[in-house]
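See below for the structure under consideration.
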Amino acid sequence: MAALYDVPAPAKLNLFLHVVGRRADGYHLLQTVFRFVDLCDTLDFDATADGSLAREGEGLAGLAPDQDLVLRAARALQRATGARQGARIRYRKRIPAGGGLGGGSSDAATTLIALNRLWGTGLTRAELMRLALPLGADVPVFVFGRAAFAQGVGEDLTAVDLPERAYWIVRPPAHVATADVFRDPDLTRNSESVKIAVFTDWQTGQRAGLLFGRNDLEAVVFRQHPDIAALARAIRGTEGAGVEVRMTGSGSCLFAEFPDLAQAGMHRDRIIGKMENPPDGAIEGSWICRGLADHPLLGWVAD
């Protein structure tokens, strides 16, 4: 196999996110449910014989090679397996950076999965997940490949079955520095732990649009970024919308859940039409997405 083209890297949503503690090393202990959506970056991989790694594509300006999660993932796979092949990697970005949608983490996971296939290195899912965790807390779930209840710092994953849903994702013109959010002294760090059975029992029979729990990072992000808070209030305050809005990850993107794509689009149009004097540029990006049960590359890795 010499190449793999149009390989998808889906975005994720955190359907809820609770901060339940902090380890001695400073890392925060989280509980969340990850769901993939069909907003995807795509990557092309051409194998090379000399072991070199090269990248090209959109969104690379200002990103040093040693900070690029895709190149770091490729190098990690080379080191772990002794692979002598390299790759030319091309990006086509659709997932906005700094939005809490996991685009960089997803690209890294897709790189691990695709190069494991392209190079014939034969690592199992568990072995790839061990390579994924040092790259970032969100990377393992994309290798795991299922909607998941996550605990710890992202490494403790349990597959969950979620109903078919559609999502309206909105990006305000703000970039959130995740480290600043977790350093903030006002961040809630002692939310009560939730058992997975409580989430699954609650999820059963709930109508679309009612979201479990909360995102503990919202209060800090909304204080640090009043424009994000203003957009959330504008959507929540739309008369007759009946829509719950939540931030994903550490932001800046917000999302709302709907039964299907048609209703998501209808509510988006109605809400935007009824928003009272939204400030210019309040919405930088908007996407209607389908929730996925599994990662598109789930079958590419042996369990």
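Cβ atoms here come from the backbone N, Cα and C positions, even for glycine.
Per TrEMBL, the features are as follows:
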{"type": "ACT_SITE", "residues": "LYS12", "note": "active site"}
{"type": "ACT_SITE", "residues": "ASP138", "note": "active site"}
{"type": "BINDING", "residues": "PRO96, ALA97, GLY98, GLY99, GLY100, LEU101, GLY102, GLY103, GLY104, SER105, SER106", "note": "ATP binding site"}
{"type": "DOMAIN", "residues": "69-146", "note": "domain 'GHMP kinase N-terminal'"}
{"type": "DOMAIN", "residues": "201-264", "note": "domain 'GHMP kinase C-terminal'"}
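Location within the structure of each feature annotated in TrEMBL.
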| residue | record | Cβ within 10 Å |
| --- | --- | --- |
| LYS12 | active site | 28 |
| PRO96 | ATP binding site | 20 |
| GLY98 | ATP binding site | 18 |
| GLY100 | ATP binding site | 28 |
| GLY102 | ATP binding site | 27 |
| GLY104 | ATP binding site | 24 |
| SER106 | ATP binding site | 27 |
| ASP138 | active site | 25 |
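Cα of GLY102 (ATP binding site) to Cα of LYS12 (active site): a span of 6 Å. Using the Cβ center of PRO96, ALA97, GLY98, GLY99, GLY100, LEU101, GLY102, GLY103, GLY104, SER105, SER106 for ATP, the list of other same-chain residues with Cβ within 8 Å runs, in sequence order, ALA11, ILE95, GLY249. For the recorded site, ASP138 (active site), the DSSP three-state label reads coil. For the domain 'GHMP kinase C-terminal' (201-264), the model's average pLDDT works out to 87. With respect to their backbone Cα atoms, GLY98 (ATP binding site) and LYS12 (active site) stand 13 Å from each other. Helix first, then strand, then coil: DSSP counts for the domain 'GHMP kinase C-terminal' (201-264) stand at 25 helix, 8 strand, 31 coil.
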